[in-house]
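Participant: Quick one: the structure is below, and I'll ask about it shortly.
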């Protein structure tokens, strides 16, 4: 054993950092997919009705927010990993891993939904302007899925450090 004063499980930070990476990577994948898919719809619609382009950017902005959710959880997790200051056990690593996966995969799913709805919605809105409110409502419900993941991720992350009384 080395002379460091590490306390806790030595592999636990791996799982914590994996959770931080998962939160950011999966959320950004959802944001990228939603932005790309919605952007294609905006570009296609912009050819027919260029005056509606700015109104149709809403799905692109909503998809971009998903990456911020992953960033928030990644920062929360990474600031909670300091095994030299406080013992970090496998329970803590698993709590952070599950936190990152909850937020990241919810963000990925929401990004896919926002991309598909955004693409079809802006094209349909170009042909029938009355569909705009319905499209926005569907996008809000899709964004809420990622918000649920963020909330669960924060709750799970807060459980880290509660495994043992130090």
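Placement of Cβ uses the backbone N, Cα and C atoms for every residue, glycine included.
TrEMBL: automatically predicted annotations, no manual curation.
For reference, TrEMBL lists these features for the protein:
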DOMAIN    18-77  domain 'V-ATPase proteolipid subunit C-like'
DOMAIN    98-156  domain 'V-ATPase proteolipid subunit C-like'
TRANSMEM  12-36  transmembrane segment
TRANSMEM  57-77  transmembrane segment
TRANSMEM  97-119  transmembrane segment
TRANSMEM  131-156  transmembrane segment
Participant: Averaged over the domain 'V-ATPase proteolipid subunit C-like' (98-156), what pLDDT does the prediction give?
Facilitator: 95
Participant: Summarise the domain 'V-ATPase proteolipid subunit C-like' (98-156) as counts of helix, strand and coil residues per DSSP.
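Facilitator: Result for the domain 'V-ATPase proteolipid subunit C-like' (98-156), in helix, strand, coil order: 58 helix, 0 strand, 1 coil.
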Participant: Can you tell me how the residues of the domain 'V-ATPase proteolipid subunit C-like' (18-77) break down into helix, strand and coil by DSSP?
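Facilitator: Summed by class, the stretch gives 57 helix, 0 strand, 3 coil.
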